[in-house]
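Undergrad: Can you read through this structure? Questions will come right after.
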Amino acid sequence: MIILITNDDGFGSKGIKLLKEIARNFASEIWIVAPDTDRSGAARSLDYPVKQSIGINQHSEREFSVSGTPADCVIIALNKVMNKKPDLILSGVNIGSNVGDDICYSGTIGAVMEGAARSIPSIALSQVYHDKIDWHNTKVFAPKVIAKLVKVGWPKNIVMSVNFPATEKVKGVEFAEQGEYNIDGDLTFTENSNGSFSLNWSREHSGSGSVNKIKEGFITITPVKLDFTDYDTLNAMKNSCADEFSSIAD
């Protein structure tokens, strides 16, 4: 397989180095195209329509850092850097979980969405941590999970988000919805001496779906679709609200 690796924690992250080791189990070629700095929280945003230029720095034959977002990196990799289309895109390994509404903010997820938009199978991998990150569960289980996913396959417009728990014992693998966090408190702002603000989000790391399953010690696999449309609500509104809105354009 030809594999493209990216992330949102940056080219020098330990997670991307680990993912390169993992990819060696499957790949005939490994390409790395990743942000030159930490771009966590970039989601699927793009720098290239705003910036006059984006820098590309080549570190080896197939390793590049880019002064852009994770999504920029995938676009640049596919259209500028690589001389052939990859069979698989891997994003991560992210430092921290991507469950609940993390998925909306995550550059790790944003990168694989760019891949899926181009019909390339794409997997995001994230390692949960508490005080200090331990990559053990990713090292042991990620090769097996990736191999199984590639074997069974999935629709082209879907990305796979895989989260590895921080628990010492892994209980198994759960296919789970992204879930929701139980929100405890609000954002608090502390003004610093220089006039800037420090922010603290008091959020309890428990909830439904994958949020709770990783806390219980399960590896979670969540299919995430590119199309955000809620079709149940859309169809209900077509049936019940069409007359209400029909006169607007008259």
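Cβ atoms here come from the backbone N, Cα and C positions, even for glycine.
Heads up, here are the entries from TrEMBL:
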| type | residues | note |
| --- | --- | --- |
| BINDING | Asp8, Asp9, Ser40, Asn94 | divalent metal cation binding site |
| DOMAIN | 3-181 | domain 'Survival protein SurE-like phosphatase/nucleotidase' |
Undergrad: Can you give me the same-chain residues 6 or more apart in sequence from Asn94 (divalent metal cation binding site) with a CB-CB distance under 8 Å?
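TA: Long-range Cβ contacts: Asn7, Asp8, Asp9, Gly15, Ser106, Thr108, Ala124, Leu125, Ser126, Gln127.
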Undergrad: Pick from Asp8, Asp9: which of these binding-site residues has the biggest number of other Cβ atoms within 10 Å of its Cβ?
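TA: The residue with the densest Cβ neighbourhood is Asp8.
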Undergrad: Starting from the Cβ of Ser40 (divalent metal cation binding site), draw a 10 Å sphere and report how many other Cβ atoms land inside it.
TA: 19
Undergrad: Quick one: which residues besides Asp8, Asp9, Ser40, Asn94 have a Cβ within 8 Å of the divalent metal cation site's Cβ centroid, in sequence order?
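TA: Output for this site, in sequence order: Asn7, Gly10, Ser13, Gly15, Asp38, Arg39, Pro70, Gly92, Ile95, Gly96, Ser106, Gly107, Thr108.
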Undergrad: So what pLDDT does the domain 'Survival protein SurE-like phosphatase/nucleotidase' (3-181) average out to?
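TA: Across the residues of the domain 'Survival protein SurE-like phosphatase/nucleotidase' (3-181) the model's pLDDT averages 95 on the 0 to 100 scale.
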